[in-house]
Amino acid sequence: MTSSSSKSNKSRKSSKAAKDTTPVHESASRPLSKTPPPFRNHIVDKRGLKQLVAWAYKNHGTAVTSSMADKLKDLGFRYATQAAVSISVNDLQVPEAKKALLGEAEEQITATEERYRLGEITEVERHTKVIDTWTETNERLVDAVKKNFNQNAPLNSVWMMANSGARGNMSQVRQLVGMRGLMANPQGEIIDLPIRTNFREGLTVTEYVISSYGARKGLVDTALRTADSGYLTRRLVDVAQDVIVREDDCGTTRHIVVEAEDGRFGNRLVGRLTASQVVSAVGEVLAERDTEIDPPLSKRIEKAGVTAVSVRSPLTCEANRSVCRKCYGWALAHNELVDLGEAVGIIAAQSIGEPGTQLTMRTFHTGGVSTAETGVVRSVVAGTIEFSAKARVRPYRTPHGVNAQQAEVDFNLSIKPVGKGKTQKIEITNGSLLFVENGQTIDADVTVAQIAAGAVKKSVEKATKDVICDLAGQVRYEEAIQPREVTDRQGNITLKAQRLGRMWVLAGDVYNLPPNAQPVVQGDTEVTEGQVLAEASQRSEYGGDVRLRDSIGDSREVQIVTTAMTLKDFKLLEESTHSGEIWNLEAKDGTRYRLNTIPGSKIGSGEVVAELADDRFRTGTGGLVKFAPGLAIKKARSAKNGYEVNKGGTLLWIPQETHEINKDISLLMITDGQWIEAGTEVVKDIFSQTAGVVTVTQKNDILREIIVRSGDFHLSSDSKALERFEGDGHMVNPGEEIAKGLSIQDMKYVQTVETPEGKGLLLRPVEEYTIPNEAQLPELSHVKQANGPHLGIKATQRLAFKDNELIKSVEGVELLKTQLILETFDTTPQMTVDVEKAPDKRAKTISRLRLVILESILVRRDTMSDSSHGSTHTELQVEDGISVKAGDVIATTQILCKQAGVAQLPEATEADPVRRLLVERPEDTTTLSTSGKPVVAVGQRIVDGELLAEGDPSSCCGEVEAVDSNSVTLRLGRPYMVSPDSVLHVRDGDLVQRGDGLALLVFERQKTGDIVQGLPRIEELLEARRPRESAVLCKKPGTVEIKQGDDDESLTVTVIEADDAIGEYPILLGRNVMVSDGQQVTAGELLTDGPINPHELLECFFEDLRSRKPLMDAAQEAIANLQHRLVTEVQNVYKSQGVSIDDKHIEVIVRQMTSKVRVEDAGDTTLLPGELIELRQVEDTNQAMAITGGAPAEFTPVLLGITKASLNTDSFISAASFQETTRVLTEAAIEGKSDWLRGLKENVIIGRLIPAGTGFSGFEEELQKEAGPHPDILSEDPAGYRRMQNLRPDYTVEMPPAASSTAVLDDPSDADLEATRTRHNIDPSASNFAAFARPDADNELKEEQVVDAEAVEGLQEEGLLSDD
């Protein structure tokens, strides 16, 4: 009932007070509690109010509480009005301390930036430190705000509002009067520029923009959260809807243990029933089994020093498909034992789902892990540090880049004071950080150590960050880095740093050379401004005639004609039509070719240049193609371009006209089989082109097509002939007799057709087309270079159709095309051919077609210099129209020096030529004069502040180039720290430009607990999701041994188990081992860091217990372990967000998730292997097997997520209404399932009364037990009587009337019984008592039967009882 809103001491005091503060008004109704309310005088804040109302409700009922709440409201408004509490801008007081705090933070950050500049810390360490600094400053500022209000204006309205819990909280007040703090960018990374101002002072433009990122995120977050939370509730309700309290006591002895946290139970025991005696430390019995624990008893148990209490819980309840009252405990609505028929499942689901909207309000994390979790210890005295004898430490570098030591064991550290005084002792725990050495002398108030808070196993993740170069120059490694090459499985080689070390970039002007440029200067030579540093030339590949084109953009194109071919015998003519230009080639004999491309375009090899314009092979209509013997075509891969003719011959063509129609049959104007003349209208608006016999194809009253076959029609009765030409028909040669008295002069195609007049033969005309063996080729002349690609043209004939192909068409088609096709040999596929129009050499008016292959070379323009390129100068070495040979230089480009200096070249290798060169300019070096003799040597690298000579610190970083008696010359540079295992992108001696990536730092950052927290985390737990990279879990208990793998990266953890068996666990790269050599581990313990896979955990528990215990016990215990874990995890998420939910709600849901087992081996039972079934059912089945001696079923417990559990419920109606409706219903139908309508959902869907509350079926039975048989027994009721719904408890009639008219109220005679038996077909072996008497609750206790006068009277009136 309580909620923790403010943690200040004052509210604690007031809450104590508020528990019994109730000045209840006299006029209120009679109090339920006998104790008079005590009087307390205290500040009441939100928490106090909550407790006050709760107290009133508990002790005095609803009415009193509501009237009291009303009075409190009036009180509040009245005094708020009198006090004139309002808010104005002046109430937002910014604390004085803010300036100083920000100044301090700035100083720390400047120092950090300086350390980064000097290469003492890596980029990651700098970022972490900056973020942590700001986070800490923000925290301190909040304290300053609190302090300021508390001391100077405790009645400030903003402060009162936030502090009392009325509205708002400190984090919001902080933004009003403190500072807005760090913000995340849209990717969720923290921007290391915090918003220093608050809303009172106003934000700068930059801050405003940064700030609005966060605001938008909040809005989107809220919208999404509502949807997610609703869906979560729906799934929860679905999984738990059939959990109803169905019995009073299941009688189980199983229980769960609730342990005290810091000696306190809080509210965790209240409302539970004890599972066994609770005995205090001194042996006093505090509570017997099944005692309800109320707050006073809970307090007494706490006071008696009891640390663990075993209580009954829904998790261990053995009621079938439900929970019993005693295991559930109090219904939290009215703090009394839960009623029968209460739908606790739905209440649980809503209790967990509803706060979902409050979760993840504060999703993003404020930055690096705050160091507040670990306690910093400072020295009290000045003295000498001494470690105790067993101390073991190893060097450690903190996330802020401070070198320290980490303790490997627990030990004591003492500081012995220099003079008199007490020795300071500090207990150092394993994992703590020490900032001092053994034997070191320190001053007072120095940070000595950071004590690790317990064995906090934080999960870490690998993250990477790029190191970007800030200046151009040459890379130099320090010795310390020790780079090594690592080859991965794909054979890629990466360079990795092995140790922490610096990488230097020494300044210089770096020139990027264009491709194929060669340096023309030597290394270490002086160069002047404008001098040529490198030269690149562009050469022709094949040679040929040069054409210079006008420049396009920033480059000029030089074209070299390598091959050209002119079609000499053809004139190129241009015709204009309304659809555009058409180009034709005309031969001397007047044949024309249509050009498929237009001059100025490009074509590739194998494409058609032109087609013969020829009407000889054009048909009048569609028809049937037949090849005469001898005509052959090439097989083509696709018929898109037709089939090439291999060998000429004759092609036969049988014309037929086909109209494709697809219209309604009512539009048909002729009949099937009719002979029509040319020009007949066959369908509305469609006319036949030829005369002939019509065939109509239709389907479902839709006209598909109409075919007109021309020819001569002869009615014939010659059945042999008709049969011969049935179907497709065939060719008949001239002079052959077709039927009696019918022979032909020309070749015909004969077919049998049916017409309205009768059957007959249709003699269809055949057209012959002669196809030459090969197409004639026009004369070509072409020029070919000595080694250029070859060009040619070949003429081919292509048939558009295969043998026997039917062409459905009304217009004619082109049967044969003669095409000119371009051929190029020995070429690259990318090569294209340009089509050009060229004037004839002799007659200038005539144009010819010319095909050329061009080599195109783009020549760069001159460019001015920029930061990474020198200025370039390009000269053409050729003129228009001259001829060049292959390999001749067309143009040269020179790279010119920007500024005088000394040129340096990196070493070139075969594999990689020189791509960059460096010029060391005068401003890249500096000479520092020293007062004394320098103490540095040439080649040494120096950072700011290092001494050059006695008393002369250096003012810049760099490498010593020369040393004189009183001066030092430095080449300026910049150090970058790289951490171990970083990937190095550059090698020693490489040249880099500003902005290049130098390395990829690999670092571990602690997973911020809130990446997966709030709703997603709850969902992850309840859906029992398998995490992507889960931790390695130990399967059996034993002792750990850690072995190094073959390569230095891989590890194997072996666990030596009790029976000397050895379990091996290979550890993947990048995983941190959480155990140490020789440590004892238990089953299910983490061997590496990472999220836990709950399924794997259950398996570990079960496997381990299975070896020591019977199957059933092992399953129950493994499930119990997992249940406990799940409940705790879910609670942790809600607690971290300040939401309090009673454990029992979570337990009800977890119970549903863990209620099933998977059958592995069915034994002699009727179960199926692999089937999911309730643990209880298997238990019952196996007990039956034990009695009959059959083999029991083997099974393993399973954990189902809420969605899975909902779909696996016994009721298919409920499952189908949840998700995957079709699948669930189909399966149920195939398996022939029955739904027993046990849950609420099934009943609601079908429209029955739900079995909860007053519809709870247990109540019917109770009533029936009390009421006995109903007197209005219908004579046709076969088994004696029917129990009616409207049972009236005032009837006490025991016996049904006898067969005769006289009713006998004592035991009936045998004859009567016999008669009744025969009348009702009752088996004579059934006992008389069972058949006729109402079974009592207890047969031994016979009730005294009193005749009820009214009842007898009623029976007599109805003629069921004689008057005597």
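Note: Cβ is positioned from N, Cα and C throughout, glycine not excepted.
Listed in Swiss-Prot for this protein:
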REGION    1-42  region 'Disordered'
BINDING   Cys250, Cys317, Cys324, Cys327  Zn(2+) binding site
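Note on Cys250 (Zn(2+) binding site): other Cβ atoms within 10 Å of its Cβ, all shown chains, come to 19. The binding-site residues listed here are Cys317, Cys327; among them, Cys327 has the most other Cβ atoms within 10 Å of its own Cβ. Highlighted in sequence order, Glu247, Asp249, Thr252, Arg312, Pro314, Thr316, Glu318, Ala319, Val323, Arg325, Lys326, Tyr328 have their Cβ within 8 Å of the centre of the Cβ atoms of Cys250, Cys317, Cys324, Cys327, the residues recorded for Zn(2+), and are not part of that set. The Cβ of Cys324 (Zn(2+) binding site) lies under 8 Å from the Cβ of Val245, Arg246, Glu247, Asp248, Asp249, Cys250, Cys317, each of which sits 6+ residues away along the same chain. According to DSSP, Cys324 (Zn(2+) binding site) is assigned to a strand segment.
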